[in-house]
Amino acid sequence: MTQLELARKGDITPLMREVAQDERVPLEFVMEGIAAGKIVIPNNINRQAKAVGIGKGLCTKVNASIGTSSDIVDLEMELEKARVAQQYGANTLMELSTGGDLDMIRQRVLKEINLPVGSVPLYQAAIYSIREYGTVVKMKEDFIFEVMEKQLQDGISFMAVHCGINTITLERLRKQGYRHGGLVSRGGAFMTAWMMHNEKENPLYSQFDRVVELFKKYDAVLSLGNGMRAGAIHDSTDRAQIQELIINCELARQAQDAGVQVIVEGPGHIPIDEIEANVILQKRLSNEAPFYMLGPITTDVAPGYDHITAAIGAALSSSYGADFICYVTPPEHLALPYPEDVKEGIIAARIAAHIGDMVKYKHRDKDLAMAHARKQLDWGKQFELAITTEKAQEIYNKRKPADPGTCTMCGEYCAIKIVNNLFTECSLV
Ligand code: SF4
């Protein structure tokens with residue numbers, strides 16, 4: 001039985017227990033959240049990964065995506081990225097390779113870390129079809145399902161599957177008549193090209209029962225992909241994106257009814273004044289299924305710093321109720337990330353998730369402790385509390401103050417020290 005089926009029966013599984021312990025919430029809270037489709041735990045019967053709860057009432061989780069490209073195939077670098085992702089606190093990893101031996105790379109990454117690993121099976125199905133036939137439009141329908149099963153057999157815990165791009169979605173896009181930034185989802189682009197050329201329905205939609213059966217067999221989480229997500233601020237929240245969201249939310253219900261845990265994915269590029277509407281829509285239409293925000297990137301004009309544009313979007317998304325955010329690295333839109341970029345992306349996303357949770361759940365204890373440590377000029381405690389311990393320590397140690405109680409920002413005129421010396425009797429901590 002799946003985690004969802006067991007939760008509906010009232011059974012508490014070891015995974016639910018681990019999540020409840022990590023999140024410091026009652027066991028029943030996790031079990032009931034899963035039973036209601038509001039919480040998921042990425043899983044696979046073939047691989048034991050760390051139990052990570054995603055959804056309502058749990059801390060916002062961060063995904064790091066890695067993977068080769070057709071230009072850069074460096075297995076050792078991808079393994080290093082996977083290790084960096086785990087070391088710097090990503091909650092999940094998506095292995096999205098598109099270059100080299102995709103089965104071998106995935107299997108090596110799965111062995112390298114113990115985080116739940118996700119994938120986008122349409123990449124491999126499309127790329128292997130292009131390698132064999134020279135074009136994605138000759139991709140065989142059965143082959144998509146074979147690839148999906150192969151990846152699940154290997155131990156993939158959650159998959160972004162592009163089921164919601166159907167003929168209705170494409171009709172919305174056609175009638176809208178524009179897309180300033182085109183289609184930027186690779187899976188979305190592959191499937192759109194296949195459907196338009198073959199004049200056929202998306203098999204992931206027309207044979208959705210088959211998709212559901214596979215996820216049920218391996219007890220994995222189905223993440224309904226956002227193939228129509230905007231790749232430009234001027235395309236955000238358009239008819240095609242919302243049409244796909246509606247279809248994904250209908251499919252989410254269908255999969256949940258069959259006992260499969262589901263996440264619904266969101267955009268993309270969005271100006272900050274549309275983020276709340278996107279979260280409300282997804283939550284309302286999906287009966288509060290976990291919402292996975294890809295970024296979102298909040299301006300198009302900061303290449304090189306898109307980990308920052310996305311962190312701004314992720315913090316707001318989380319504060320409005322998004323449950324899961326995908327990091328963005330500095331080379332987004334420019335190049336394949338290096339391990340150092342993965343680290344920067346994860347740290348930015350973790351800061352964003354924390355800021356979101358400060359609003360969503362009033363999780364502010366750590367900030368209070370930091371205020372007290374700063375007031376006491378307790379540098380050890382400040383480093384310990386920092387999300388970015390290593391960086392904070394490195395900066396401080398490189399510019400050591402003459403008075404070790406202060407820092408070189410104000411030196412002997414340290415405001416905190418002056419006030420502490422004058423008003424020790426007023427100290428509140
Ligand atoms: S020296 Fe200035 S910046 Fe540094 S701890 Fe004191 S008040 Fe803060």
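Positions of Cβ are set from backbone N, Cα and C atoms, glycine also.
Note that the structure is a prediction, hence the values are computed from the model and not measured.
According to TrEMBL, the features are:
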type	residues	note
BINDING	Met94, Tyr123, His162, Ser185, Arg186, Gly187, Asn226, Gly227, Met228, Arg229, Glu265, Tyr292	substrate binding site
BINDING	His269, His333	Zn(2+) binding site
BINDING	Cys407, Cys410, Cys414	[4Fe-4S] cluster binding site
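The two recorded residues, Arg186 (substrate binding site) and Cys410 ([4Fe-4S] cluster binding site), have Cα atoms 50 Å apart. Nearest to His162 (substrate binding site) in space, judged by Cα atoms and limited to the binding-site residues His269, His333, Cys407, Cys414, is His269.
Shown in sequence order, Tyr396, Arg399, Pro401, Cys414 are the residues of the chain, 6+ apart in sequence, with a C-beta less than 8 angstroms from the C-beta of Cys407 ([4Fe-4S] cluster binding site). Following the DSSP three-state reduction, the secondary structure of Cys407 ([4Fe-4S] cluster binding site) is coil.
Here Cys410 ([4Fe-4S] cluster binding site) is positioned 49 angstrom away from Asn226 (substrate binding site), judged by their C-alpha atoms. Cys410 ([4Fe-4S] cluster binding site) sits 39 Å from His333 (Zn(2+) binding site), counting Cα to Cα.
Each of the binding-site residues His162, His269, His333 was scored by the number of other CB atoms within 10 A of its CB, and the lowest score belongs to His333. Here the binding-site residues are Met94, Met228, Cys414, and the one ringed by the most other CB atoms within 10 angstroms is Met228.
Cα of His269 (Zn(2+) binding site) to Cα of Met94 (substrate binding site): a distance of 20 Å. Listed in sequence order, the residues Pro401, Thr406, Thr408, Met409, Gly411, Tyr413, Ala415, Ile416, Lys417 complete the 8 Å Cβ shell around the [4Fe-4S] cluster site centroid, once Cys407, Cys410, Cys414 themselves are left out. According to DSSP, Arg186 (substrate binding site) sits within a helical segment. Counting Cβ atoms from all protein chains shown, Cys410 ([4Fe-4S] cluster binding site) has 13 others lying within 10 Å of its own Cβ.
Here the binding residues for substrate are Met94, Tyr123, His162, Ser185, Arg186, Gly187, Asn226, Gly227, Met228, Arg229, Glu265, Tyr292. Their largest Cα to Cα distance works out to 19 Å.
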